[in-house]
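As annotated in TrEMBL:
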- A:27-149: domain 'Amidase' (DOMAIN)
- A:K80: active site, charge relay system (ACT_SITE)
- A:150-171: region 'Disordered' (REGION)
- A:171-491: domain 'Amidase' (DOMAIN)
- A:S175: active site, charge relay system (ACT_SITE)
- A:S199: active site, acyl-ester intermediate (ACT_SITE)
Amino acid sequence: MGSKINELRGQKVSAALKQGQITPTELCRKCLSLIQKTKFLNAYITVSEEVALKQAEESEKRYKKGQSLGDLDGIPIAVKDNFSTSGIETTCASNMLKGYVPPYNATVVQKLLDQGALLMGKTNLDEFAMGSGSTDGVFGPVKNPWSYSKQYREKKQQNPHGESEDSNWLITGGSSGGSAAAVSTFTCFAALGSDTGGSTRNPAAHCGLVGFKPSYGLVSRHGLIPLVNSMDVPGILTRYVDDTAIVLDILAGHDPRDSTTVQEPVKSFILPTLTDVSKLCIGIPKEYLVPELSSEVRSLWSKAADLFESEGAKVIEVSLPHTCYSIICYHVLCTSEVASNMARFDGLEYGHRCDINVSTEAMYAATRREGFNDVVRGRILSGNFFLLKENYENYFIKAQKVRRLIANDFVNVFNSGVDVLLTPTTLREAVPYLEFIKEDNRTRSAQDDIFTQAVNMAGLPAVSIPVSLSSEGLPIGLQFIGRAFCDQQLLTVAKWFEKQVQFPVIQLPQLLDDCSLSLENEKLASTSLKQ
Amino acid sequence: MAAPVLRLGCPGTRWALAWVGSGFHHRRGASIGSTSNPTREQSAVTQKPLHTAQKPRKGEHKWEAVVGLEIHAQISSNSKLFSGSQVCFSAPPNSLVSFFDASLPGTLPVLNRRCVEAAVMTGLALNCHINKKSLFDRKHYFYADLPAGYQITQQRLPIAVNGSLVYSVWGGKKRNQMVSRTVRIKQIQLEQDSGKSLHDDLRAQTLIDLNRAGVGLLEVVLEPDLSCGEEAATVVRELQLILQALGTSQANMSEGQLRVDANVSVHHPGEPLGIRTEVKNLNSIRFLAKAIDFEIQRQINELETGGEILNETRSFDCQLGCTVPMRDKEGKQDYRFMPEPNLPPLVLYDSTSLPAGADSQQVINIDQIRDTLPELPSVTRERLVQQYGLLPEHSFTLLNEVGLLEFFQNVIKETRAEPKKVANWVLNTFLGYLKQQNLAVSESPVSPSALAELLNLLDSKAISSSAAKQVFQELWSAEGKTAAQVVSEQKLELMQDLEALDRLCLSTMEGHPQVVMDVKKGNSRAINKLIGLVRKATLSRADPALIKDILEKRLRS
């Protein structure tokens, strides 16, 4: 009996590759054909078909010789278009970098390629990752695959709103929405996102995926085009926690090219299976219970806490009193670093350059006006304002102090014996695009980041786990936050939770009908990752 | 109107020294001026006073000048401050540019250990406090040769602070003594150099060379403790010697490895400090002194004719010998300083704080660097005075001329001649020839061995000192010959045959009876005429003292 691609975990595909049930090239072609079919979702900015097929061919040779490079050899992946990829256009969804082909690979990209992963393409995002909807990039918004799912459509027919189906698609969340859509539609098994205030976890929650933000410093940022250097981390989007761990295991560790990465060697991140949670202490931060939280998410959060409690874990209410200042504090720090980081885009060395040549200054001004969208320009303007000598103390320095308070809140909670915090990831499930754009980018980012953002301030690991479908048939995720550099512990708890909740697989019948893989179920079931 | 006391910019005079010696107070602990403010903001902040001026004469208006320096020294290192690109002067344009240097998005700075060590060494040599923890900041401004739109520097917490540099100038009542003085060092910071813009006015375009972009610089900020161009020049020369002795910078001004900006203001003693100007584009020590003196005089003239000083940046036009306002393209600059988020704090250790089992490749130990510091110029000079009995000013000249000390020491090694005598030959004759032909020591046609051989001949009285001068000239022009060859070819050796010399004396006396009579009558100077005649007869190859002895003996008999 054939098995559908949408039922496969990365690690099982890996086993199937090892056993020759499918070749890397077959797998690659399946994914490329899915990318074609889902093109209307706008998940990919660049599809690197030739590169992927060539990598698949080489992977196939290795498998034939029995020299597979590991679990990721021959596995299709996608990379957010703000990671530098050698020889492949890297745009940050901005006019500024249209046509820019980096001469080097980001460390994380290189590590994946070194493991034999197949790079399917570069995924869509908000311009320079500034946004929470994946709606504000120069290549247009990303559509949430769940808009076209059987689960959502069925519910929709029960409660018709009268809008036309085509215009009423849902956003993916963002800014790593392209990566989320790519994984969600089975065009790849893992994708890299970036996470500065929730940009990996937010779309993961909206697209029913695992979205992981590692501890700051665990994974190299070299080659990630920065938003906020002191908060950016490469994020991982997969369908299952184990797949995230496999990818993290490859990516984690010191990078001589990134001085902010950990010096100490890191241990393996392959996850044990937790059977007993009775020794765990789960913290529920009371400040996260905000009025805007949808009742469905609230009740799921509460059920999740009950689940831990019923399995013997200690569940306690904790307080993070400064988290409420996180968004405003983030606004100052983010825009300041943005103003600084964007200064290099002047049209001289690379990227867009205007036709005006009356003076260097006029060329800069026109280049930057043409190259950046309103959101980016607005943040540059605010950031430069905060960094002015007369404002620096009142804004930047204060924001840094508040940042420390926010980080200390977490330290205090973890010092009190809490192992992992459990919170919502988003206020509600994904909203339709037309509703989303009623508010401007800044308002949206401020609303959407409230549960995710403080974690970046503190540099902690956090993961969004899909829990169940809302009454509308849309995914809802919950977030676990761990101690700094206790990423493995965090993912181990997340894996246990994932197993309990059994989140349903997205049903995309029109897209996936002919995408079955001839794999034998029994063999898959009996093949574990580490034999 | 009364003339100002200070006559500035008079060529060839040592005007500054007249009052250096008379009223110098040590200025340590005085309030800190803002000359060295690294933000270089344009606000008209004043500087601290300097109490070194001459005592006011009655009825005279008196001005004091306050000078501070900011010196950028390119660190001598194989690679740049934050990237692995090679550092090399005059390489083909844009051939030494890494992705980071070109500010490709996503690239990150990685600190070069050698540059940190160079900064620590320099800090220690300049008596600085080395900060165990220092930070990096971004300083923003748009310029075509600054690819990232910001420079990484150390604004808040630099690697070294509170140092001092001792230098010597001519002082005393007769301006003939070496007087030691001290200039305080506010801080030393590590920062990136920018690229170079080459403006092609003909085609109205600017060409950018990023080879220099990202090269490590030491910015040495001095407190405004100086008061004239010569002091500034002396300080810069001393710093140059120290950097070269340490090997932390080649400090060659003409290659831009040492660049100096000067902050200048004038005021009346006891009154608040004047508004300062910043003088840039000073690419030689000579021009530095000239520019500062010109600027001081310009400010005095301006103020005395009722004008005012603008807080502006001026550049020195070395053709015209004056400072001119620089076109300020950007108006008021706010550099929008921000912590560099991609570099953790730079942490240094000493032997007590060094963590146990630390990998010596991963940590920098200040004490270990201190132990390996080479001999500094002041110590070298002291040693020359002690060991060879040289005059202090000779020790300065030996160090100030590139390669001269080594030349001197090489001559010393190979000669029996007295060191003082060697010094005289090296500093007068040898250096005189070099200066006359505008040659560097390394370009000298006379090697240390050749000079040593010549001095040996002189020392053993094989030749006279006038013959020695002749030999030297011959050595200079006829490269490859030895001193002995020249002496024998030109028959310059002293006459050692006493009998022959005696015969010559006798015949000279016989040939000049009138002179002999004069001597005998008591005209003691007349004997010199006889000596001269004998010497002439020997073709200058006889020792005049010996001739005198023989003549006196003969005249007595």
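Using N, Cα and C of the backbone, Cβ positions are placed for all residues, glycine too.
Just so you know, TrEMBL annotations never went through curation; they're auto-generated.
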What same-chain residues, at least 6 away in sequence, bring their CB to under 8 Å of the CB of A:K80 (active site, charge relay system)?
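The answer is A:K122, A:T123, A:L125, A:A129, A:S176, A:G178, A:S179, A:A191, A:L192, A:G193, A:S194.
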Is it possible to get the count of other C-beta atoms within 10 angstroms of the C-beta of A:S175 (active site, charge relay system)?
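Around the Cβ of A:S175 (active site, charge relay system), 38 other Cβ atoms lie within 10 Å.
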Using Cβ atoms and a cut-off of under 8 Å, determine which of the active-site residues A:K80, A:S175, A:S199 neighbour chain B, and list them by sequence position, or give 'none'.
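Near chain B, no listed active-site residues qualify.
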Taking only same-chain residues 6+ apart in sequence, whose CB is under 8 Å from that of A:S199 (active site, acyl-ester intermediate), what do you get?
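Sequence-distant Cβ neighbours: A:L125, A:A129, A:S132, A:G174, A:S175, A:S176, A:G193, A:G235.
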For A:K80 (active site, charge relay system), what is the secondary structure by DSSP, using just helix, strand and coil?
strand
Give me the mean pLDDT over the domain 'Amidase' (A:171-491), rounded to a whole number.
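Mean pLDDT across the domain 'Amidase' (A:171-491) comes out at 96.
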Write out how many residues of the domain 'Amidase' (A:27-149) are helix, how many strand and how many coil, based on DSSP.
48 helix, 19 strand, 56 coil
